[in-house]
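> Straight out of TrEMBL:
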type     : residues                                       : note
ACT_SITE : Tyr392                                         : active site
ACT_SITE : Asp432                                         : active site, proton donor/acceptor
ACT_SITE : His530                                         : active site, proton acceptor
BINDING  : Asn285, Glu316, Asp432, Asn434, Asp529, His530 : Mg(2+) binding site
COMPBIAS : 48-59                                          : compositional bias 'Basic and acidic residues'
SITE     : Asn434                                         : site 'Transition state stabilizer'
SITE     : Asp504                                         : site 'Important for catalytic activity'
SITE     : His530                                         : site 'Interaction with DNA substrate'
Amino acid sequence: MNQIQPLQLGFAVAPRNLRTGALASLTRLRATQGVPRRPVSAKTTKPMFEENKKDKSFKESMGTNPSPHKAIVKEDGAESNVVEIESFKNDTARIEAMTVQQLRTTLRNAGVSAKGRKFELVAALKCFLEKKKDDEGSLVIEEQVASTCVENASEKTEAETSSDGDQVQNVPVSEVGELQRYKRRLNHSSVKSETVIGYSKVATKKEKLSIESEDLSGHKLSRTRKKTSSETISFDVKTDDKIAEPWTVLAHKKPQKDWIPYNPRTMKLPPLARDTKFLKLMSWNVNGLRALLKLEGFSALQLAQREDFDVLCLQETKLQEKDVEDVKRSLIDGYENSFWTCSVSKLGYSGTAIISRIKPLSVRYGIGISDHDSEGRIITAEFDSFYLITGYVPNSGDGLRRLSYRINEWDPSLSNYMKELEKSKPVILTGDLNCAHQEIDIYNPAGNKRSAGFTDEERQSFGSNFLSRGFVDTFRKQHPGVVGYTYWGYRHGGRKFNRGWRLDYFLVSESIADKVHDSYILPDITGSDHCPVGLVLKL
């Protein structure tokens, strides 16, 4: 086994406040505006883990490719199936009355994927219109005389280029190149007037990260926020013809009328007041930590700056015990407290971890039953006011070979363990629980009735052993009619088309359910077939 490299988590993340696709016309552009970031801890200004490579630029590693909406040109006298978006953006009845061909044509002209059945196309168009309301640019439809447009473009090009012919950097968008393309189109057309829908591409964007100090005395989980300084980071953004945020489009084989897709940009709650004490927990099935370490992309430092978590729980690390010490030695200031368990019955399998900036009162491994504790699936950290469990529930496997073990042994044993802990303190269970509990939690419920993670037996066991015993599904409580997935299979473009499962949870004791400020999903973080989930708990 090769020695593990110093831990540099390769989080290929596109920050949610990077907004591309700002809209513009040939004659008017709106400057994009930055979205304030949540202040981060002064202790996270150093990487969570030492890094022996220089991070590549965000331009190469973001993995975000928002869609530039191509110009639509209508020629005089020509028939067209295009239904102009502006004419029905507030008329949903008209959208639903459109034919499939009209829907597809309109979506393609807007730069949105036009695949699927009619209800999917309708949902995609409605979602696009809702998203447009929040965009930083505006859609402009103008009729201009072609010769005047080209003449003005030529004058602007001459005025805004440097002596060697390169465009001056302070031009907000590459207008010259766009106008030249429009000019070439005009040379091949006899049309004297056009209707043009133009969009600008955001070239760069600057975000300010506020650094904050923390007061973590002893074992108290208090966070007193004080803004001390700031720094500016520039991000380069590339665009292409793919949907930048597929999770914002409702993707479900059997959607209900009132269901909507989960969009963290609009549904993630704003931060709590600076004088409010709270704790921020994150959980992520990394599907092999060593594989994640090899990815070049977002570093642990950047993830910590963006999310400012206090505790990070990992599942399916797939580490061996001999690798753990190398990983722990890589930890530096900010997250010195880390706890790892590995599978001993099958090497390089399963495995969980808790990484924390706050030292727990106590830590235990497993649930005290040898038949369940050989695969490194459970770690429990005791804090002042609750127990935190990171768990990786066994998958029922191919052919459902472990289904009986899962529902008759594992689930009842874990449930009893949690209820025993609950006698002294509330309990939080997080991790990959390997069950999509309801039909809203899976893209294709009818096609997965006998698939591991969605069998009737597993769903009933999840309800009877956890929900019916007083543990609350925090995401579903906060978002009862929202479709949000945390796992996408690598086959068939699952993530690309948002065809996923919700397998990752934060379950909490009823006694602290009202203290949950936010329970959310981070679908833009890649690097695994799962994405992280988060919980903000008021203390």
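Every residue gets a Cβ built from N, Cα and C, even glycine.
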> Validating a neighbour-count step here. Other CB atoms within 10 A of the CB of His530 (active site, proton acceptor): how many?
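That number is 25.
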> Indicate the candidate from Glu316, Asp529 with the smallest number of other Cβ atoms within 10 Å of its Cβ, considering only these binding-site residues.
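Lowest Cβ count within 10 Å among the binding-site residues (Glu316, Asp529) is Asp529.
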> What other residues of this chain sit with their CB within 8 A of the center of the CB atoms of Asn285, Glu316, Asp432, Asn434, Asp529, His530, the recorded Mg(2+) site?
Asn287, Gln315, Tyr392, Tyr487, Leu503, Asp504, Ser528
> When you measure from the Cβ of Asn285 (Mg(2+) binding site), which residues in the chain that are at least 6 apart have a Cβ under 8 Å away?
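Asn285 (Mg(2+) binding site) has long-range Cβ partners Leu314, Gln315, Glu316, Tyr392, Gly431, Asp432, Tyr487, Leu503, Asp504, Ser528, Asp529, His530.
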> I'd like to know which of the recorded positions Asp432, Asp504 has the most other Cβ atoms within 10 Å of its Cβ.
Asp432
> Enumerate same-chain residues with a sequence separation of six or more from Asn434 (Mg(2+) binding site) and a Cβ-Cβ distance below 8 A; give 'none' if the list is empty.
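Listed in sequence order: Tyr392, Val393, Pro394, Asn395, Ser396, Arg406, Ala452, Gly453, Glu458, Leu503.
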